[in-house]
2 protein chains.
Amino acid sequence: MTLQCTKSAGHWRMVVWDEEGFQGRRHEFTAECPSVLELGFETVRSLKVLSGAWVGFEHAGFQGQQYVLERGDYPGWDAWGGNTAYPAERLTSFRPVACANHRDSRLTIFEQENFLGRKGELNDDYPSLQAMGWDGTEVGSFHVQSGAWVCSQFPGYRGFQYILESDHHSGDYKHFREWGSHAHTFQVQSVRRIQQ
Amino acid sequence: MTLQCTKSAGHWRMVVWDEEGFQGRRHEFTAECPSVLELGFETVRSLKVLSGAWVGFEHAGFQGQQYVLERGDYPGWDAWGGNTAYPAERLTSFRPVACANHRDSRLTIFEQENFLGRKGELNDDYPSLQAMGWDGTEVGSFHVQSGAWVCSQFPGYRGFQYILESDHHSGDYKHFREWGSHAHTFQVQSVRRIQQ
């Protein structure tokens with residue numbers, strides 16, 4: 001079994017329900033949705049990713065906490081929000097994520113903001129940045145050369161997630177203020193490629 | 001930067017505190033601890049893994065929910081329990097995990113219990129088993145040929161974690177009852193190697 005993550009394979013499909021356990025009203029998507037409120041949903045309460053990778057957001061308009069959604073079943077908010085101890089129980093907007101071929105993904109991490117200080121080149125998944133030699137618990141800035149990545153506050157992909165993409169911001173994330181509206185520190189202890 | 005995860009490098013060190021934010025009483029470990037209650041701790045409330053990989057348990061005697069602990073800082077229970085929406089706010093026992101060399105880790109997953117049905121051979125990290133061709137959201141049984149692995153209920157390493165090791169149970173986990181005292185379904189949607 002070989003990992004595949006190619007833009008050409010990018011055929012995105014996701015189904016959402018307004019009740020837990022794939023119950024209630026159902027809606028299928030193949031492209032971004034800036035607000036489920038417009039469908040008459042109060043929020044998404046369960047979902048299945050049928051193909052492609054997606055990112056879900058707490059608020060409408062792709063704002064608030066970010067949740068990577070890869071292929072599989074998510075029967076309740078704990079299935080996607082379960083990576084943080086303070087999950088927002090809301091999922092209001094979402095959009096596809098374009099991955100590179102898994103083996104070709106490249107990310108540079110910098111010790112300081114604005115691409116300054118010591119740097120590290122990543123092309124694999126790192127549940128602990130410290131275990132592979134990164135000093136400390138913070139990353140100051142990121143440059144995504146290729147692919148789509150998710151970094152997390154704590155080791156083992158726990159805590160707040162920040163999605164980093166080569167085709168957003170030109171791949172440049174020079175300060176935590178550019179990582180997302182929910183980011184308020186430089187704390188990053190694990191990083192991996194998003195799987196499509 | 002190259003991933004390293006070898007038994008010979010196995011020099012385990014972890015520091016625990018009885019208050020959040022690395023405050024209060026402090027104790028350092030280089031081997032297993034069957035109960036922090038014996039140190040006079042009510043529970044562990046923050047910890048740092050300085051080397052090696054560990055597994056933490058909710059209850060004394062290595063029972064209850066399991067938490068993979070890789071190198072890094074865990075300032076509060078949300079840092080290790082943040083992979084499930086229903087974390088026990090207790091960490092009472094822990095022990096070292098012996099990894100194989102990262103590239104040599106091998107795991108076989110089976111569709112049904114007792115190593116029956118369709119199977120898949122894994123030697124990489126899979127945030128979504130479905131994305132790499134596994135059908136459905138369940139795994140019936142596991143055989144660990146080499147290394148230490150963590151599998152999770154939901155995609156992206158979320159939900160309950162089950163630690164699987166080649167040097168426990170002879171690497172055989174033939175039913176969810178053998179995955180841990182907290183396991184009550186076959187639901188497994190992501191699997192990865194533990195990083196040391």
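Backbone N, Cα and C atoms are what each Cβ position is placed from, and that goes for glycine too.
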Region 'N-terminal arm' range according to Swiss-Prot, out of B:2-11, B:112-121, B:132-141:
B:2-11
Check each of the ranges B:15-20, B:45-50, B:99-104, B:183-188 against Swiss-Prot and return the one annotated as region 'Connecting peptide'.
B:99-104
